[in-house]
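Asker: Below are the features listed in TrEMBL for this protein:
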BINDING   104, 105, 106, 107, 108, 109, 110, 111  ATP binding site
COMPBIAS  385-395  compositional bias 'Low complexity'
DOMAIN    21-346  domain 'Kinesin motor'
REGION    385-404  region 'Disordered'
REGION    471-494  region 'Disordered'
Ligand SMILES: Nc1ncnc2c1ncn2[C@@H]1O[C@H](COP(=O)(O)OP(=O)(O)OP(=O)(O)O)[C@@H](O)[C@H]1O
């Protein structure tokens, strides 16, 4: 969104700030049912920042956690907003991004925290109100030098598809990243708001569009992740016409669901699968950030792609972790707290996004602005004050340079192309200015009349446009030539170096460096063979065999026919070993998991991730519910471990 009447003419300038950790606050919701209350809460607060839950491995112990804030069941929406969210809002007025997101199991109070009710509004309405107020306050403290535009967009991610909640006809929208590494969604509608009533007018019906359904754990369960985006564009009305763009992401995540408890089936189960998978990827993103991996799997789900800025990105972020006190939520509480503890370590690096704009009014009449250099009063609409639009004076000197039609569409070009066009434009302008002075001084002798002077300039302008058109055509031809050469790329055995292939390439066509044909290329990926790893469990006594090789009773051995030997497993030991494997699976340690047969680093991470999201495995076969682990692989893991342990013991 650019401010009406203005056009961006310089790419975004990023001013880096220091690292800022993600703020993590935990909120415990009250009991919803009196009967449950009598059983007592599984979460106990320990002051304003810490809490404890009992240890499922040893009931005599408790597990303690410390966060930036702990809000008990009596904490009001107002207090949560004021202590965790309010101070983030001002960043959006200064060109920085901020995000608030509610995380937690289904039914723990995320939507209540983010949206709330009309009597007790949550973070979203309070934040919008807060931003509108902050803008009004800031505008009141300066003399109309800046105008403010506030826009809202609202979307949901339902079953890995992005839906526009403000314009329901827009669905399955794509997520893109621009060259300034901003994530954006082409086609997502944006409504400008000037007051809270306008916000409500758009937000309330849009919230009805969100997909909710009744599950065993929540009668109005959100089946999607929703994101309200509030964009504040602040534009300077006098030179140097700075423009600051800040965004506030308010995110209500769908809850993680244990389908053994929800009883979900059919479509609900499918929804739940999509929700759990995206939250699982979120967990992987957090792990990758914490372990300093080079590749962060943001692209593995739509949710993480959209949260790229909030988690390990450039935004100030606050995560509100919602917990439920009921005993039935214990496993969810445990896994949620572990996720929250990991997220606390994430550090974001917010920066200011600033660009320079030029009034459009000037763009429309390039010749006028250069030759006449008259001061014009340009009305620039400020949507925050529709009744009294800001009136500013455009500068008479130096004349605002025009933008060539090509340059106006600079976003579509590679940077170096834009640079070249800009240089060309500057040169033309300098020449025009020189000649403008010349025409003023020698008007009578050189051009005769001002009308003629104008004609000369217009002719020059037409020439410069022609040059730009030619430049663009050249670029397209070169691009086409490169594409064709790529299509006809000869097999690697031909002695063509990258220089030959790309000899026509120009700097503005960026490409991957062509592979060095001299380097020997791997035809097949090498197979890694490792020794069988013994399971790190208590060893059985060697005389108790896990499997015996037996001869089938009914086999009649003939000379020609060989006996088909069979394996008979010892059921007692099988059970014992299964318990041992289960213990490893629930150890929560990557190293222990990789000690299992058929489990490498990648599978261990998948298992660990599932365990963190869903709690302890009840049986070894639960491995089959892990997304990304096919049941055949799981069978191999189970067989491999039970058998290997039997043979090595
Ligand atoms: N702090 C609170 N005070 C009073 N009631 C609450 C509070 N938090 C949640 N509730 C109530 O608990 C129920 C579940 O809350 P909510 O729908 O917000 O859960 P959720 O985490 O968003 O669930 P889902 O992920 O399934 O959408 C609702 O009836 C809500 O009104």
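In case you wondered, yes, glycine gets a Cβ from its N, Cα and C as well.
For each feature listed, report its degree of burial, its nearest neighbours and the pertinent distances within the displayed model.
Answerer: Just so you know, the Cβ of residue 110 (ATP binding site) picks up 29 other Cβ atoms within 10 Å once every protein chain is counted.
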Asker: Please work out which residue of 104, 109 has the most C-beta neighbours within 10 angstroms of its C-beta, and give that one of the binding-site residues.
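Answerer: In terms of Cβ crowding, the pick is 104.
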Asker: Counting across all protein chains shown, how many other Cβ atoms sit within 10 Å of the Cβ of residue 107 (ATP binding site)?
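Answerer: If we count other Cβ atoms within 10 Å of residue 107 (ATP binding site), we arrive at 25.
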Asker: Other than its own, how many Cβ atoms are within 10 Å of the Cβ belonging to residue 105 (ATP binding site)?
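Answerer: Here the count is 25.
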